[in-house]
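Asker: Below you will find the structure I want to go over with you.
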Amino acid sequence: MGRHYDDNLGALLIGQMISTFLYGISTLQTYVYLMTFPRDRPELKLWVMLVWGLDSVNVILVCHGLYYWGWGMVVQKTDPATATAHETLAKQSFYVSAVLNLVVASVVQSFFIIRIYKLCQTRLARYTLPSIMSVLVLAHLSLGAEAVVKVISTFKSTSLDSLSSLAYSAALPYTLLALLSDVFLAGTLTLMSRGRVPLSENPRVHSLVHQAVTFLVHRCILLSVAALVRLVVFTVLPWTAWFIATDFIMGKLYANSFVACLNARTMFPSSQCDSAMFTSAPDISVRSNGSVLPASYSPTPRTGRPVSRAISLPEMVFCKHMGAKALIPAPNSIAHREICPCLLATRP
């Protein structure tokens with residue numbers, strides 16, 4: 001006798017509760033971001049609101065599907081026709097929810113691809129690294145869509161036994177591409193962060209960069225472990241609905257990690273460290289004493305080594321101190337660039 005979806009409503013409810021809890025965290029993080037960084041560029045805010053909006057629709061679809069699934073189970077014996085109609089409607093909601101999870105993952109990864117493109121300092125790296133990452137993301141999206149279509153095709157039957165054949169043909173390639181894209185993304189951003197450490201012995205600067213790298217590694221580990229858990233559940237227990245419950249959670253992890261990366265900028269003062277994705281500042285350089293100089297300014301001391309390393313950052317810092325109150329170093333030139341004087345001030 002085949003195993004049926006009706007026997008696994010508890011797994012779906014647990015997955016829905018965890019995903020709703022994670023959605024609450026992502027909503028809180030979105031609110032914190034909007035309150036903490038009100039002067040970020042509108043494009044960046046649109047990225048955040050797009051991810052949060054997709055995440056919200058995903059939660060609504062999951063709740064809608066579980067509502068009609070439970071309703072169908074209640075009236076199954078008294079009104080089989082209504083139960084079948086409600087079950088079909090619930091499965092359609094789960095289908096759209098799975099597609100939205102893929103879209104959320106692709107949107108988040110696309111954001112980091114744009115960051116990598118803007119922060120690459122050489123022409124070769126600027127076109128090679130984003131291209132490789134784009135291919136991985138597209139392959140991840142394509143294989144994910146194929147896996148969703150194959151899994152949803154089994155929904156025409158109320159039995160889960162036919163899912164066991166899809167473990168290696170659909171779920172395994174999709175999971176491997178997800179792992180590869182996340183690891184490549186984390187590795188690229190980590191190398192870029194470590195490569196942008198200012199030439200100084202300031203322990204504070206090195207500590208901040210170390211925290212940035214640690215944050216990137218933790219994000220990669222979180223998503224990789226979640227993807228592996230989903231694959232193991234799908235492979236070992238294909239006759240249960242636990243794989244659907246784990247899929248409810250994956251989109252929330254991508255959304256939370258994305259907004260957390262933006263909120264983590266509070267740990268990285270733009271005048272001290274560039275972490276390759278946390279900072280929101282113009283093209284500037286960082287000196288060992290904490291002062292900030294335009295990228296065109298590159299003094300050379302007696303040793304012949306540059307004091308600072310140029311940092312290319314995508315966004316603009318807005319300052320309230322335009323005018324006489326800003327402290328300007330006397331002999332330093334600004335070389336074809338208008339920049340707020342407070343960015344040239346040396347911190348005590």
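Indices start at 1 and increase along the chain as displayed.
A Cβ is built for glycine as well, from the same backbone N, Cα and C atoms used for every other residue.
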Asker: Choose the correct range: of 12-34, 311-333, which one does TrEMBL annotate as transmembrane segment? Give that range.
Answerer: 12-34
Asker: Using Cβ atoms and a strict cutoff of less than 8 Å, what residues sit near the transmembrane segment (46-69) while being 6 or more residues removed from its termini?
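Answerer: Long-range Cβ neighbours of the transmembrane segment (46-69): 5, 9, 12-13, 16, 19-20, 23, 26-27, 30, 33-34, 86-87, 89-94, 96-97, 100-101, 103-104, 107-108, 111, 248, 251-252, 254-255, 258-259, 262.
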Asker: Residue list, the transmembrane segment (213-233) vs rest of chain: Cβ under 8 Å, 6 or more residues beyond ends.
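Answerer: Residues 171-172, 175, 178-179, 182-183, 185-187, 189-190, 193-194, 240, 242-243, 246-247, 249-250, 253-254, 257, 260-261, 264 contact the transmembrane segment (213-233) from elsewhere in the chain.
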Asker: In the same chain, who gets a Cβ under 8 Å from the transmembrane segment (129-152) while lying at least 6 residues past its ends?
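Answerer: Same-chain contacts beyond the ends: 91, 94-95, 98-99, 102, 105-106, 109-110, 112-114, 116-117, 120, 163, 166, 169-171, 173-174, 177-178, 180-181, 184-185, 188.
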Asker: Any residues 6+ beyond the ends of the transmembrane segment (94-117) with a Cβ under 8 Å from its own?
Answerer: 47, 50-51, 54-55, 57-58, 61-62, 65, 126, 129-130, 133-134, 137, 140-141, 144-145, 148, 151-152, 155, 178, 181, 185, 188-189, 192, 244, 247-248, 250-251, 254-255, 257-258, 276-277, 314
